[in-house]
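Input: a single structure, listed below in structure tokens.
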Amino acid sequence: AACQLGTAASFARDKQDYPAVRSDGRQDSKDSTLDRIAKRCSEGGDFCSKNSECCDKKCQDEGEGRGVCLIVPQNVILLH
């Protein structure tokens, strides 16, 4: 049983390391951009500044050069 548990834990850990790659080798559509896969942008809820870019391009200024990336729901059109 311990051996099976270790295998399950190992599988779960491996799956977490590569969440954007499906078992058939294709990228998951929700993480289809290179920026998200390479984590070159900040996700919603992460801190941001004028020197860092949010994946959804929405950094809410919190003052003193700090901000928070807004969480933008999918399938919602933002008006500027």
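Each Cβ is built from the backbone N, Cα and C atoms, and glycine gets one as well.
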From CYS41, CYS48, partner that Swiss-Prot gives for the disulfide involving CYS59: CYS48
Inter-residue C-alpha distance, CYS54 (disulfide bond) and CYS41 (disulfide bond) (nearest angstrom): 5
